[in-house]
Amino acid sequence: DRDSCVDKSKCGKYGYYGQCDECCKKAGDRAGTCVYYKCKCNP
């Protein structure tokens, strides 16, 4: 789910991140991006 995506995100400060994107899509969202080192899912 979405929360596990955030936990997983050791990602860059901004921008696209593959693992985060994949996780968000599995959670039913359109995409995932990084905001301040955290994964953010975009519905």
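In case you wondered, yes, glycine gets a Cβ from its N, Cα and C as well.
It should be emphasised that the depicted structure is a prediction, and the values quoted were computed from it without experimental measurement.
Feature annotation from Swiss-Prot assigns disulfide bond to Cys5-Cys23, Cys11-Cys34, Cys20-Cys39, Cys24-Cys41.
Listed in sequence order, Tyr17, Gln19, Cys20, Cys34, Tyr37, Lys38, Cys39 are the same-chain residues six or more apart from Cys11 (disulfide bond) with CB atoms under 8 A from its CB. Counting every protein chain shown, the number of other Cβ atoms lying within 10 Å of the Cβ of Cys34 (disulfide bond) is 19. Cys5 (disulfide bond) sits 7 Å from Cys24 (disulfide bond), counting Cα to Cα. Sequence-distant neighbours of Cys24 (disulfide bond) (same chain, 6+ apart, CB under 8 A from its CB) are Arg2, Cys5, Arg30, Ala31, Gly32, Cys39, Cys41, Asn42.
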